[in-house]
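Features as listed in Swiss-Prot:
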TRANSMEM  10-29  transmembrane segment
TRANSMEM  36-55  transmembrane segment
TRANSMEM  65-87  transmembrane segment
TRANSMEM  96-118  transmembrane segment
TRANSMEM  166-188  transmembrane segment
DOMAIN    294-378  domain 'RCK C-terminal'
TRANSMEM  388-406  transmembrane segment
TRANSMEM  411-433  transmembrane segment
TRANSMEM  446-465  transmembrane segment
TRANSMEM  480-502  transmembrane segment
TRANSMEM  509-531  transmembrane segment
TRANSMEM  546-568  transmembrane segment
Amino acid sequence: MTIEALADVVRLHPELALFAAIVFGHFIGKIEIRKVSLGTVVGTLIAGMILGLLFEPEIPDLLKWAFFDLFLFAVGYSAGPQFFASLKREALPQMALAVVVSCTGLAAAIAMVALFRFDPGLSAGLVSGSMTQSAALGSALSAIAAMDVDEATRALLTAHAPLADATTYIFGEVGLILFVTVVAPRLLKVDLRQVAREAEAELQARTDEDDAALWDQAPLSLRTYRLENAELDQRTVHEFERRYAAGRLTVTGIRRGDQLLRDVGADARLALGDIVLVASRRAGVVGAALEVGTEVDDQELLSEPMVRASIVLTRREMAGKTLGELARGAARGLFLDSLHRGESTLPRAMGTRVQRGDVFKLTGSRAAIATAARNLGFIEHDQGRTDLVYLAGGVVVGILFGLLQVRLTGVPLGLGTSGGVLVVGLVAGWLYSRYPVVGHIPEPALRLLSDVGLIVFIAAIGLAAGPHAVQAIHEGGIALFAKLVGAGVVVTLAGPIAGLLLGHYVLKLPPIALLPGIAGAQTTVATLNALKERGGSDVYAIGFTVPFAVSNVLITLWGPVIVACAVALSR
């Protein structure tokens, strides 16, 4: 098949080019140079521009913006609980850090636009690439689409945006990783691994080392033993569990003669000859077996159902407490598999503080799970089912909300449809975490909406920009790329430098909160992963979530702001 014949097929079926851009973009994004890769998003953008240049497929705007709206709603829904939690007094320092970093980045971008006279398209790509926020590219393109210009100019500006984004994105990610993991620790004179060890030691500190009612974190093991140790005769279950607190043993059932006791309470008494069902981590069971008695194979007891559940923390009085405080007297028989806040997995340490909207992945008996749900919030039922009415309705309300405008000195101001969908998504996610009656969207579905929504949008942008990219490169030449790279370096580093100074000297944030906070304020998950790798600990994730949620919103809104500034500066 000749290239002309292939081009004809692609023009008849433009979806071929769309999905091909995603496929080739994945492989382009995987190419590493000294352990640095472009990533799937930028790879797809580049692949889309190349395929667009070769085949010029016509991708409907409806498809592009529909997928982008789904992406924005998913981002807002995920970040909603953390965003509104950042408005609380204890989270204000982290919120202030995010605001300063993102606003400084915007100010630097405006300065670069004024200096180099970038048009609105280049300005949009400068912000989205330098601050590694692809959502800002979409919101800026939405603003460009609404500009009162001829179609040729709009097409050229639309091509300039992804070109500038791809040019500045590389340093936007790599530069921030180097700053946060190498430069900033040297300026602060700290060692990342030592900082992590100290934070872990503080989080693991307990007020009562003998307390048996603490979350277990190891793989669950169920065993049955005949009670033969006379010292344990007539002891309560609580005393038994306290005796073997180091092994985290929990008695979940007892056979006494022909009587089978399930959901045993802490005040129940043991007797010699009882068959006891214990749940624990494997090492704990093995250690206790030497004292308790002979292990027996009681299949009826061992069939005691242990269930897994995801419990969302919604009770106001529980928010702000540590895992140790929650566990004391309330976590008997529960095993904490993982703890999640938005897209981040938190350390399962006794000092980790929880917030409303956090998700506990627990294993335990039905009674223990039910008790935990009453104490913490609610169990996520129908975890594989998405409330499509809530999702679609949220997008509709967001678009309508974004269309609202007010006039300031004759200039129309508004969020735009992209900003409207994002804000409504934030509110929708927050409302569900508080009132989980309707609106459930499971985490896998959110990830799918976010990933597919963004990648399809980026592929469509690249395909549309491809035919105009050559003209943009021809007009700008090497000088344009040099200006973009230089401006990108300034915009990427301006915010983190300001954040480092503010966080260290004014907010007095410790490095364990400051460094991941800067990464979150620049919305760069890759930087958090680099921090965790160099620091050898997941504890850095705690300081990432609040700034990430706040800056996700702010930098997305910077898209139309930078377009408006570029238009104003060009007059």
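Using the three backbone atoms N, Cα and C, a Cβ is placed for every residue, glycine included.
The domain 'RCK C-terminal' (294-378) scores a mean pLDDT of 82 in the predicted structure. Recorded stretches compared: 96-118, 166-188, 446-465, 480-502; the one with the most Cβ pairs under 8 Å to the transmembrane segment (509-531) is 166-188. The transmembrane segment (546-568) makes no contact with the transmembrane segment (446-465), as judged by fewer than three Cβ pairs under 8 Å among residues 6 or more apart in sequence. Long-range contacts of the transmembrane segment (65-87) within the same chain: residues 94-95, 98, 135, 138, 142, 341-343, 355-357, 391, 394-395, 398-399, 417-418, 421-433, 441, 446-447, 449-450, 452-454, 456-457, 460, 545-546, 548-550, 552-553, 556, each at least 6 residues beyond the stretch ends and with a Cβ under 8 Å from a Cβ of the stretch. Remote same-chain residues near the transmembrane segment (446-465) are listed as 14, 17-19, 21-22, 25, 40-41, 44-49, 51-52, 57, 59, 63-65, 67-75, 77-78, 134-135, 137-138, 141, 155, 158-159, 161-163, 343, 391 (criterion: CB distance under 8 Å, separation of at least six residues from the stretch ends). According to DSSP, the domain 'RCK C-terminal' (294-378) comprises 23 helix, 33 strand, 29 coil. Between the transmembrane segment (480-502) and the stretches 96-118, 166-188, 411-433, Cβ pairs under 8 Å are most numerous for 96-118. Same-chain residues lying 6+ beyond the ends of the transmembrane segment (166-188) with a Cβ under 8 Å from its Cβ atoms: 36, 38-39, 42, 45-46, 49, 125-126, 128-132, 481, 484-485, 487-489, 491-493, 496-497, 500, 504, 511, 514-515, 518-519, 522, 524, 526-527, 530-531, 534. Sequence-distant contacts of the transmembrane segment (96-118), counting only residues of its own chain at least 6 positions beyond either end whose CB sits under 8 Å from a CB of the stretch, comprise 86, 126-127, 130-131, 164, 483, 487, 490-492, 494-496, 498-499, 502-503, 507, 509, 514, 517-518, 520-522, 546-548, 550-551, 554-555, 558, 561-562, 565-566, 569-570.
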